[in-house]
Amino acid sequence: MSSQIRQNYSTEVEAAVNRLVNMHLRASYTYLSLGFYFDRDDVALEGVGHFFRELAEEKREGAERLLKMQNQRGGRALFLDVQKPSQDEWGKTLDAMEAALLLEKNLNQGLLDLHALGSARADPHLCDFLENHFLDEEVKLIKKMGDHLTNLRRLSGPQAELGEYLFERLTLKHD
């Protein structure tokens, strides 16, 4: 059934928003997996786990923000299957941060593609929404993860486990 409030909101944009919601939920699911992996007793990097669990919450909130916008515009939320994380064992913090950076770059590309579609469909409300609520945050997060990767690589010498521990204690610990 068509919405009575729908105006200048193309079905292509509506479908792209639903796909982006799914991408955010998948990212949240992946970060939840990462967060609890690093919180395990045999990994015991609580600060790293906390970092990823916070990201899980942020991505879930992003999905909700997109869904609210979808309803405000007269679109319909279509929930797709959320794919499970690509792995259950994440290895070292460096490997996990590399996977997270790739995930964020994919999310950012999804946001950029949606923004381009909004521009092509003359939807200034969508473009403004993405600019105000997503694009800047995403770039800042990618930069932060890049910085973390640089520091993790610096510390991954012959005693990589010690470097990983120091990174967690000095960079991510919130005690």
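Glycine too: its Cβ is placed from the backbone N, Cα and C atoms.
According to DSSP, S2 (N-acetylserine) is assigned to coil rather than to any helix or strand. Using a 10 Å radius centred on the Cβ of S2 (N-acetylserine) and all shown protein chains, the other Cβ atoms total 6. According to Swiss-Prot, the N-acetylserine annotation covers S2.
The annotation domain 'Ferritin-like diiron' is assigned in Swiss-Prot to 7-156. This prediction places the mean pLDDT of the domain 'Ferritin-like diiron' (7-156) at 97.
Around E54 (Fe cation binding site), a 10 Å sphere centred on its CB holds 14 further CB atoms from the protein chains shown. The feature Fe cation binding site is assigned by Swiss-Prot to E54, E57, E58, E61, E64, with sequence analysis given as support.
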E64 (Fe cation binding site) and S2 (N-acetylserine), Cα-Cα, nearest whole angstrom: 22
